[in-house]
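Database features, via TrEMBL:
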DOMAIN    A:6-117  domain 'Acyl-CoA dehydrogenase/oxidase N-terminal'
DOMAIN    A:121-211  domain 'Acyl-CoA oxidase/dehydrogenase middle'
DOMAIN    A:229-371  domain 'Acyl-CoA dehydrogenase/oxidase C-terminal'
């Protein structure tokens, strides 16, 4: 067994770091305050091909392996979780099309998504429906060669800029997936703000009032919306959120070490105090453990192993809780400075908090991981 | 096809430990599987038998029993 990055993966990692340092890190505080990612940043991400990182080369994407995609999300997450979230939701839509779409859907949408000309957003959650996804209340009825959608989606990441939504609705009483272009008649988009974290993820509420789409916009078959499409998209979503959490933790760790070297109290730097050493030790070990869980998940995804699904649940569960613990320690080490906007630590803590909710709450993970364990052992 | 069925039965036994599945038994009606099962089954079929399950195969009937899964694999090999 070998646990190390290939030369190619290391080269990618270095390029990701350079890009994030030059184009994202400096602006992250401003994105958070303005609750917006500037168009030029998204354009630069597109130009680098990062929005096609998960799309097949056949459609103009990078077709990177899961470990490389994990590294990309870690580096983005280290600077700005909101910017990382565009990689997540865009990829969830692209992969749904690539995995389950018809050839015409793939040929039309994927080259555009790989170039970033079309941004995707994932529309599952509703005002009354979160974890209980099979109970979505949005409906789709087929009439005269069209599907007519009615209902409301909420907390749709990147909805403010998305060109294409993957919407889940009850069709003939079964959850089914549809592609809804931004300009579909009857689709109303309302920006939402004021989130605790990932404030620049440009979330929206989507109202569909007799929203009309062509019948060819169904993805997969009636009734496969959750079992196949949402679950394979969410698998990618969870994986990238987990890797983003490693980035949050790594950023907290590095800044805490720097601070503990520089900050002098009672005549010596903080790093000399055992209580600080204990916190830093826990941050190092937990970050490393999460990274190993993600790397195992990435490896299993790349060999198409059925166990990859549970491994991703495990990795996301640990990494999101870990990021909160590490960010909390970072605040504690920074004291009042950690509570201030002058330092990025408070943003990391707020962003980490979101990671325990999105792509499955910590509690849903506990239900699934424990029931899987009880069945297997 | 018998060899395929042995592999399919072995995989399914992880989910139906206390039950000896019959070849024509509807696995979705037994209530043992959770929402992740469908994708785990798809990944198993693709990895074990080297075929690609796509949008045209997305009929639950193709995955509902050992016999139907085995038939799907056979059909995909011929196609």
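Cβ from N, Cα, C; glycine included.
Secondary structure of the domain 'Acyl-CoA oxidase/dehydrogenase middle' (A:121-211) per DSSP (helix as H, G, I; strand as E, B; remaining residues coil): 3 helix, 50 strand, 38 coil.
For the domain 'Acyl-CoA dehydrogenase/oxidase C-terminal' (A:229-371), the DSSP-based tally of helix, strand and coil residues reads 119 helix, 4 strand, 20 coil. Averaged over the domain 'Acyl-CoA oxidase/dehydrogenase middle' (A:121-211), the predicted model has a pLDDT of 97.
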